[in-house]
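Q: Reproduced below are the annotations present in Swiss-Prot:
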BINDING   His87, His400  Fe(II)-heme a binding site
BINDING   His265, Tyr269, His314, His315  Cu cation binding site
BINDING   His398  heme a3 binding site
REGION    1-26  region 'Disordered'
REGION    557-588  region 'Disordered'
TRANSMEM  43-63  transmembrane segment
TRANSMEM  90-110  transmembrane segment
TRANSMEM  128-148  transmembrane segment
TRANSMEM  171-191  transmembrane segment
TRANSMEM  214-234  transmembrane segment
TRANSMEM  259-279  transmembrane segment
TRANSMEM  291-311  transmembrane segment
TRANSMEM  320-340  transmembrane segment
TRANSMEM  360-380  transmembrane segment
TRANSMEM  399-419  transmembrane segment
TRANSMEM  434-454  transmembrane segment
TRANSMEM  477-497  transmembrane segment
Amino acid sequence: MTATPAQRRPALPATRPYPARHGPKGSYLRKMVTTTDPKDLGVLYLVSATGFFLIGGLLALLMRGELARPGLQFLSAEQYNQLFTMHGTIMLLFYATPVVFGFANAVLPLQIGAPDVAFPRLNAFSYWLYLFGATMATAGFLTPGGAADFGWTAYTPLSLSEHSPGVGADLWILGLAVSGLGTILGAVNMITTVVCLRAPGMTMFRMPIFTWNILITSILVLLAFPILTAALMALAYDRHLGGHIYDPANGGAILYQHLFWFFGHPEVYIIALPFFGIISEVIPVFSRKPIFGYTALVYATLAIAALSMAVWAHHMYATGAVLLPFFSMMTFLIAVPTGVKFFNWIGTMWKGQITFETPMLFAIGFIVTFLLGGLSGVILASPPLDWHVTDSYFVVAHFHYVLFGTIVFATFAGIYFWFPKLTGRFMDERLGRLHFWTTFLGFHLTFLVQHWLGNEGMPRRYADYLPSDGFTGLNTVSTIGSFLLGISMVTFVWNGFKSFRYGEVVTVDDPWGAGNSLEWATTCPPPRHNFYELPRIRSERPAFELHYPHMAERMRAEAHAGRRAGHGAGAELSVPSTVATKDDDHTS
């Protein structure tokens with residue numbers, strides 16, 4: 001593998017100190033509140049999700065502060081329960097899921113050459129449902145009894161009215177139902193947009209990998225989220241109308257766990273697959289190569305989605321009420337298509353002319369972290385090993401490596417990657433590198449040691465421990481790492497604010513110089529309906545062909561897929577050069 005140092009582009013003058021204001025003061029706010037433009041809604045999703053991410057991170061810092069030393073107890077046990085309940089809920093359902101739709105709204109219509117999404121007003125309605133539901137659930141902290149305190153899984157009978165009588169629990173249930181409805185409607189919109197609004201020439205196997213992953217994720221949303229909504233409505237019915245749905249005689253706790261995890265495990269892939277797609281967009285651009293194994297990546301994504309519906313009960317090994325061999329085998333099997341993706345990402349970088357701009361740094365951080373999380377997942381997939389570490393900090397470390405490693409690293413890769421496209425300005429590269437290294441080091445310092453804590457027997461969800469337990473040293477290290485992680489977010493927020501106002505102005509359609517998909521064939525930022533003119537779409541790399549038409553024949557000859565000339569997605573590249581270069585003088 002060869003690597004070349006990142007070449008700093010010549011500084012461009014900031015021709016304006018701040019994006020020009022059109023209309024009277026306050027008109028921008030009014031525009032964002034009433035908008036149906038998917039790019040604006042994407043920004044709203046991303047900003048709102050980042051806000052909830054900061055709230056969830058603050059809750060995590062309070063928990064880590066509590067656990068830094070034994071006997072501190074600046075939080076009561078009840079407050080600690082509320083913190084870990086809302087931390088998990090916010091991070092998974094109010095940050096990770098909506099940030100998927102933020103990227104989907106901002107980028108997917110551009111990538112398929114569509115002027116808008118299929119249902120613009122429904123799209124806006126979906127966002128406001130999410131924001132209203134998330135605010136409702138989080139508002140439990142303002143009630144006299146505090147927020148929900150039964151864990152983000154809300155297992156019965158703990159979540160029934162006898163054990164959790166507060167208003168905060170009801171707000172949590174209804175907030176998740178409302179927010180989940182917004183997610184379902186957003187998925188319907190994305191599926192319809194991909195099926196109905198692709199540009200001429202944009203066949204399914206010419207779509208970018210990110211678009212494929214959003215399509216498959218949206219199908220998973222339609223399969224999983226209605227189950228969560230039904231389970232929550234049944235829980236509300238039990239709490240207030242005496243439904244007895246979760247009584248032991250009718251299935252009880254095991255029935256609820258099956259319903260919840262039939263949603264819960266597909267949810268893990270609902271919030272993972274889109275970020276796999278982001279990484280699949282970032283790596284080729286900064287490796288200066290086409291994606292290795294495009295078709296294999298698509299089929300691997302389909303395989304992961306299918307298998308994700310068949311592994312939910314591996315969360316229930318400890319109950320003894322599930323068929324262990326089947327669910328263990330399915331869990332091991334899901335590692336195969338995931339391994340295919342790793343093979344393709346590494347194959348894309350192999351012998352590439354790699355440059356290490358901030359998006360690429362976060363993409364590599366994603367690969368390293370997610371790989372380590374997957375290795376601990378192999379341990380947990382085996383029931384005999386899982387029984388020894390279940391409900392310990394080993395499990396906490398595993399799912400943070402998998403989820404943080406996937407969602408947060410890929411989120412930042414996507415933001416740094418598409419920020420110039422959406423705003424017309426670059427983010428600060430030095431602050432970006434500082435952000436990456438503080439995030440990477442802070443994360444691994446926080447969660448690597450938690451594997452050892454779990455192996456030594458520290459249970460999760462405990463608000464305190466004894467000095468004689470021997471957990472003090474590793475907990476102190478973990479807390480130091482968590483505060484370093486918190487500092488990294490200050491860097492990111494300042495970078496985003498500073499770059500939006502004063503960042504280096506983008507003057508070209510493709511600021512990274514090697515963009516493949518259609519969003520790099522329009523202006524930065526794009527016009528209201530995305531394109532002034534669409535280039536011809538002959539393969540899965542239309543923007544690259546537009547900007548480098550003289551490379552068409554070589555790209556066909558060196559295609560990884562080894563298609564025969566005249567067949568497959570790259571066949572049109574063999575047309576006479578007079579046709580292939582017809583759009584040479586095209587400008588977007």
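The backbone N, Cα and C atoms fix where each Cβ goes, and this holds for glycine too.
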Q: Cα-Cα, whole number of Å: His314 (Cu cation binding site) versus His398 (heme a3 binding site)?
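A: His314 (Cu cation binding site) and His398 (heme a3 binding site) have their Cα atoms 14 Å apart.
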Q: If you draw a 10 Å sphere on the Cβ of His398 (heme a3 binding site), how many other Cβ atoms land inside?
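A: 23, counting other Cβ atoms within 10 Å of His398 (heme a3 binding site).
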Q: Test of understanding: give the count of other CB atoms lying within 10 angstroms of the CB of His314 (Cu cation binding site).
A: 24
Q: Within this structure, do the transmembrane segment (43-63) and the transmembrane segment (477-497) have 3 or more Cβ pairs under 8 angstroms, counting pairs 6 or more apart in sequence?
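A: Stretch pair touches.
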Q: Counting only CB pairs under 8 A, let me know which of 43-63, 128-148, 320-340, 360-380 has the most with the transmembrane segment (90-110).
A: 43-63
Q: Can you find at least 3 Cβ pairs under 8 Å between the transmembrane segment (399-419) and the transmembrane segment (259-279), where each pair is 6 or more residues apart in sequence?
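A: Contact criterion met.
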Q: Do the transmembrane segment (291-311) and the transmembrane segment (214-234) come together with 3 or more C-beta pairs under 8 Å, pairs six or more apart in sequence?
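A: The transmembrane segment (214-234) and the transmembrane segment (291-311): touching, yes.
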Q: Using the alpha carbons only, what distance in Å do you get between His400 (Fe(II)-heme a binding site) and His315 (Cu cation binding site) once rounded?
A: 15
Q: What else in the chain is close to the transmembrane segment (43-63), if you only count residues 6 or more beyond its ends and a Cβ gap under 8 Å?
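A: 32, 35, 75, 80, 83-84, 86-87, 90-91, 94-96, 98-99, 101-103, 105-106, 127, 130-131, 134, 138, 415, 422, 482-483, 485-486, 489, 493.
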Q: Taking only the Cα atoms, work out how far His87 (Fe(II)-heme a binding site) lies from His265 (Cu cation binding site), in Å, as a whole number.
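A: A Cα-Cα distance of 18 Å.
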Q: Looking only at residues six or more beyond either end of the transmembrane segment (259-279), which have a C-beta under 8 A from one in the stretch?
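A: Same-chain contacts beyond the flanks: 92, 96-97, 100, 103-104, 153-155, 208-214, 216-217, 220-221, 223-225, 227-228, 230-231, 234, 301, 304-305, 308-309, 311-316, 341, 345, 363, 366-367, 402-403, 406-407, 410-411, 413-414, 417.
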Q: Can you check which residues sit near His265 (Cu cation binding site), meaning Cβ under 8 Å from its Cβ, same chain, 6 or more apart in sequence, and list them in order?
A: Ser308, Val311, Trp312, His314, His315
Q: Could you tally the C-beta atoms, other than its own, that fall within 10 angstroms of the C-beta of His87 (Fe(II)-heme a binding site)?
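A: The Cβ of His87 (Fe(II)-heme a binding site) has 20 Cβ neighbours within 10 Å.
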Q: List every residue in the same chain as Tyr269 (Cu cation binding site), at least 6 positions away in sequence, whose Cβ is under 8 Å from its Cβ.
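A: Sequence-distant Cβ neighbours: Thr217, Leu220, Ile304, Ala305, Ser308.
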